[in-house]
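Student: Can you read through this structure? Questions will come right after.
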Amino acid sequence: MSFNNVPAGKDLPQDFNVIIEIPAQSDPVKYEADKDMGLLVVDRFIGTGMRYPANYGFIPQTLSGDGDPVDVLVITPFPLLAGSVVRARALGMLQMTDESGVDAKLVAVAHDKICPMTAHMKTVDDVPEYLKDQIKHFFEHYKALEKGKWVKVEGWQGVDAAHKEITEGVANFKK
């Protein structure tokens, strides 16, 4: 499979695809999509021993400010398989800065047609506070034992900011 064959979505920025790299609650291994091979490769083992609080992946055919595809955490009732594609809807994003610059993480749910259990969630304010705390804590600490790496969490932003990130990511990819 080539990740480049997966479209960004059906009705951007409201309805988009996410290629899952790391399932929710999986072991502390960071996988990255290798676009040339069309496979997931092990990027590194996370020294802090933390688990991803939600499914983690990216929107295909996008390019964010850090030079990578737009990152997304997808909240679902069950972990999704690495390499799977899920239709999603944004709730907002966690704005961060790391050693490479600006690094936003969109927070989304599976599209309502796929998962009616999360249809009531419209913004990050609808995400349980405990899960938001887990997400924030994870990204504040997951690079703590990696030399030369750091993360500063700036805060939560709403749906409009997430939609802007998607729209800009698609435009950057097309350049």
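Backbone N, Cα and C define each Cβ position, glycine as well.
Per TrEMBL, substrate binding site is recorded for K30, R44, Y56, Y142. The Mg(2+) 1 binding site feature in TrEMBL is assigned to D66, D71, D103. Residues or ranges marked as Mg(2+) 2 binding site by TrEMBL: D71.
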Student: For K30 (substrate binding site), just count the other CB atoms lying within 10 A of its CB, please.
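Tutor: A 10 Å sphere around the Cβ of K30 (substrate binding site) contains 15 other Cβ atoms.
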Student: May I have the list of same-chain residues other than D66, D71, D103 whose Cβ is within 8 Å of the Cβ centroid of the recorded Mg(2+) 1 site, in sequence order?
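Tutor: Other same-chain residues with Cβ inside the cutoff are S64, G65, D68, V70, M96, D98, S100, V102, A104, K105.
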Student: Taking only the Cα atoms, work out how far R44 (substrate binding site) lies from D103 (Mg(2+) 1 binding site), in Å, as a whole number.
Tutor: 18
Student: Using a Cβ cut-off under 8 Å and a sequence separation of 6 or more, which residues in the same chain sit near Y142 (substrate binding site)?
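Tutor: Y142 (substrate binding site) has long-range Cβ partners I46, T48, M50, V151.
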Student: Within the same chain, and leaving aside K30, R44, Y56, Y142, name every residue whose CB is within 8 angstroms of the centroid of the CB atoms belonging to the recorded substrate site, in sequence order.
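Tutor: Result: I22, P28, V29, Y31, D43, I46, Y52.
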Student: What's the CA to CA span in angstrom from D71 (Mg(2+) 1 binding site) over to Y56 (substrate binding site)?
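Tutor: Their Cα atoms are separated by 7 Å.
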Student: Could you state the whole-number distance in Å separating the C-alpha atoms of Y56 (substrate binding site) and D66 (Mg(2+) 1 binding site)?
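Tutor: Just about 17 Å between their Cα atoms.
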Student: What is the total of other Cβ atoms whose distance to the Cβ of R44 (substrate binding site) is within 10 Å?
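Tutor: Looking across every protein chain shown, the total is 13.
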Student: If you draw a 10 Å sphere on the Cβ of Y56 (substrate binding site), how many other Cβ atoms land inside?
Tutor: 23
